[in-house]
Amino acid sequence: MTLSISWVIYHFMWGGGSMKKLKEYILTTIGLIFVAIGVEYFLVPNNLAAGGVSGLAIVVNHYFPSISVGSFMLAANIVLFIIAFILIGPSFGAKTIYASLGLSGIIWIMEKYFPISKPFTNNLLLELIYGILIAGVGMGIVFNQNASTGGTDIIAKILNKFFHINIGKALLVSDLIVTLAALFTFGIEKGMYALLGVILNGFVIDEVIQGINTVKEVKIISDKEEEIKKFIIDELGRGVTIYHARGGFTNEEKDMLVVLLSRREFIRLREYIKQIDNKAFITVSNVHEVFGEGFKNLD
């Protein structure tokens, strides 16, 4: 954990640090805490090895109780980073190193200072769902900051380079191997639950990332286009694209305003348009990712 924090300080001070980078690391840390809670308090007590290095750590801990989940994850990630550095070069960013070592450190702290002696409930399915939901939300936050928790991601990149296996498939293969180990270690029932966890985890992460990044694409045709355009630019601080449109029925030519807004900005715009032109024609679509000024950077 100390190594991880030191890396952040170095990267922040000498790697073009800014308040934006600080915010990214804070959000990454929040995501890691969610992942750690899901793993340590829901999956580990129930021996639900739902893929990844954390799943492998649960299996290893069963055979060697003296090796804690956090300690194994830390050691495994360090070894994987060294192997990856030798085989595929230094292609892992500072945030990924921070996230992988940070997650191991947070889990180790929870094990040492905030342990639990038994599962919260006797309902294995309930424990799996809550564990995957909490960890999946955390992973979604981490991925949204262009970071990764390492582990099987590193294995996937190695398989991709040397065996030309698609990264998505390589990740699935890695997780399935861990799940198979869980099946032989903890029995068919828990192995099947672990496999269900792997599948659910992918869905949860995708939904979280889409939810965080979703913006509203708003198309407006109105007789008050100048007032609306001025409101968008001056009050909302957003740019507007103008298309020349012609009505198929009326053959009348009008300008159509197109703007991308957050949910909150869209509500403000909708209320404003309602006040000045309640006959305006508006269509709204969800856009899951936007890159460019005012939104996410391409880097």
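Just so you know, glycine gets a Cβ as well, placed from its N, Cα and C.
According to TrEMBL:
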type	residues	note
DOMAIN	238-292	domain 'DUF2179'
TRANSMEM	25-43	transmembrane segment
TRANSMEM	63-89	transmembrane segment
TRANSMEM	96-116	transmembrane segment
TRANSMEM	128-147	transmembrane segment
TRANSMEM	167-186	transmembrane segment
Cβ pairs under 8 Å only, please: of the recorded stretches 25-43, 63-89, 128-147, which one is richest in them relative to the transmembrane segment (96-116)? 63-89
Taking every residue in the domain 'DUF2179' (238-292), the average pLDDT works out to 88
Is the transmembrane segment (63-89) packed against any residues at least 6 beyond its ends, judged by a Cβ distance under 8 Å, and which are they? 39-40, 44, 53-54, 56-57, 97, 100-101, 103-111, 150-151, 154-155, 157-158, 161-162, 185
Please work out the helix, strand and coil residue numbers for the domain 'DUF2179' (238-292) from the DSSP assignment. 14 helix, 23 strand, 18 coil
